[in-house]
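Heads up, the thing below is written out as structure tokens.
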Amino acid sequence: MESVRYLSFALILSAVLACSNTEKDELNITNRFEYVRDSTHNLSLAKIKTEKDWKKISADALSFNFTKDVIWLRAPVSDAAFSSGRIIALEWKALDSGILYYPQNGNFYQSFQTGDTFPKSLWALPEALDPSFQIPSEKGEGFLYICLKSKSMMSFPIRSMDKKTFLHKIILETSITWLILGFCAVMFIVSMFYLMAFRLYEFFFYTVYVLTTTLWYNGQFGNSFHSFWPDAIWWQSRSILFFLAIGIAASFQFVRMFLETKTRTPFTDKILMVLGIVGIVSSFFILFTESNTIFSRIISIIYMVSIPLILITGIRIYLKGEKRIQFFLLSWGTYMCAGYSSIFYYLGIIPYSLPVIYGSVFIFPLDLFFLLFNLLQKYQTLAGERNEILQRLLTVNRPQDSRYTKSKLGFVDTGESLTRLEQWMRQSKPYLDEKLDLEKTSLAIGLNLQQTSELINSKIGISFRAYLNSYRLQDAKELLQNNPQMSILSIAFATGFGSKSAFNHEFKKTMGMTPIEFRKGKPDSQVTL
């Protein structure tokens, strides 16, 4: 894990150092082109050359959005931006097809192809991240032509740069990509550990969200096609929307479990469940349809609807007393609101710009960090699980009846220690602190970890976690009976439980009923501790 961080840091640092002392020779040349739209898809280069209805591009980016038309561009080869050896970059990595026709001597045109409908090895510049061409050394006269076809967006700038600037851009983009991938890998590994250790399914859906969204971003910005499946053109044309649809479904399920919407906001829970199902179904059909335009719009609409819905739901739950979701609101809100600008771009509402395209990419790692931090914060009661695991480790490979054969209590007055422990519990009530662990308890009664663990297990006959919960549940019973105005959530926090779900689970496991059922007046004889 540390090696991933150091490697990522070294890559980004080397890129910054490499680019810091160079003068960039890069020009936005979009407005140097004229265009013609071919709605018939039948116009050949010969016919295009005779076309009279060329229109000047005045903006700094193409703005054709999702169009079924073939877009033809032309520009004079006499322009210095098209001099020999310069790189022409079409800055949209999801472009399906771009073909450059460059005039040679006479009436001959040399053609160069790029775009993700061609294997990367057949690109004019296979090393490029963006679909790109290099102007050949033989310079002709007249106009060069570029033919663009895509089922994806066609709203992006076209840039001209020298070879040195082109290579530095590759280094910088690759370094930033691996920095983000390294960070995402750390989040993925940590969440997998908690999933495997504690079987909490919020971590499962968080893990799926990390994986699919990372793959979506890398597909969207050409890194997956460049590094992982350079010749899988069928998969590349579908992978971007596929991972996005799966990621949306996983994120909705994560939100449902994290915010406990099923019990707190049932109406919102049903909406999120339906939207998640739509995401899963869309991901299936994306693999078997030729045009993904409709699914792109469906997912964009889902995204736009879900952002305010989730934020409003989270704020409502926060105001009801669940203060520990503040980082969830901060991270989810910031990331999703940044995503709004991207959605507006995909819908053709706002034009291309670097903050619009790349803003959410840089916010995404922060989103992952704060979501995971808040998830761990919510489950601070895992400290109790850790203590239980610790006790198991202390007694591993020992038969049940003789696990304390080599007792650590040989010179300990167990009666006095038990009295000290009980007095501390009743007078100081340390169990009200959800972070109370075996280490703090050992210090309080003057024993070491092994002695305290053995004392509670062998003399009281229960685990440390169960011992703490017995006091917490006794206090909870009194509050449920004597304070009808207190909510279940408030009682859970007041008695040392880290969450309402943990409180409900322990209460029902011990008492045989939920706190609500207990409060409604079940006979006390049924609920002894």
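Each Cβ is built from the backbone N, Cα and C atoms, and glycine gets one as well.
What TrEMBL annotates here:
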| type | residues | note |
| --- | --- | --- |
| DOMAIN | 419-521 | domain 'HTH araC/xylS-type' |
| TRANSMEM | 176-196 | transmembrane segment |
| TRANSMEM | 203-219 | transmembrane segment |
| TRANSMEM | 239-259 | transmembrane segment |
| TRANSMEM | 271-288 | transmembrane segment |
| TRANSMEM | 294-315 | transmembrane segment |
| TRANSMEM | 327-350 | transmembrane segment |
| TRANSMEM | 356-376 | transmembrane segment |
The domain 'HTH araC/xylS-type' (419-521): DSSP-derived helix, strand, coil residue counts: 76 helix, 0 strand, 27 coil
Considering only the recorded stretches 203-219, 239-259, 271-288, 327-350, 356-376, state which has the highest number of Cβ pairs under 8 Å to the transmembrane segment (294-315). 327-350
Stretch of maximal Cβ-Cβ contact with the transmembrane segment (327-350) [cut-off: under 8 Å; candidates 176-196, 203-219, 239-259, 356-376]: 356-376
Mind pulling out the one from 176-196, 239-259, 271-288, 356-376 with the most Cβ pairs under 8 angstroms to the transmembrane segment (203-219)? 239-259
Here the mean pLDDT of the domain 'HTH araC/xylS-type' (419-521) is 87
With pairs closer than 6 in sequence left out, are the transmembrane segment (356-376) and the transmembrane segment (176-196) joined by 3 or more CB pairs under 8 Å? yes
Mind checking which residues reach the transmembrane segment (239-259)? Cβ under 8 Å, same chain, six or more beyond either end. 94, 201-202, 205-206, 208-209, 212-213, 215-216, 219-220, 224, 229, 265, 269, 272-273, 275-277, 279-280, 282-283, 286-287, 292, 295-296, 299, 302-303, 306, 310, 313-314, 317, 325, 328, 332, 375, 378
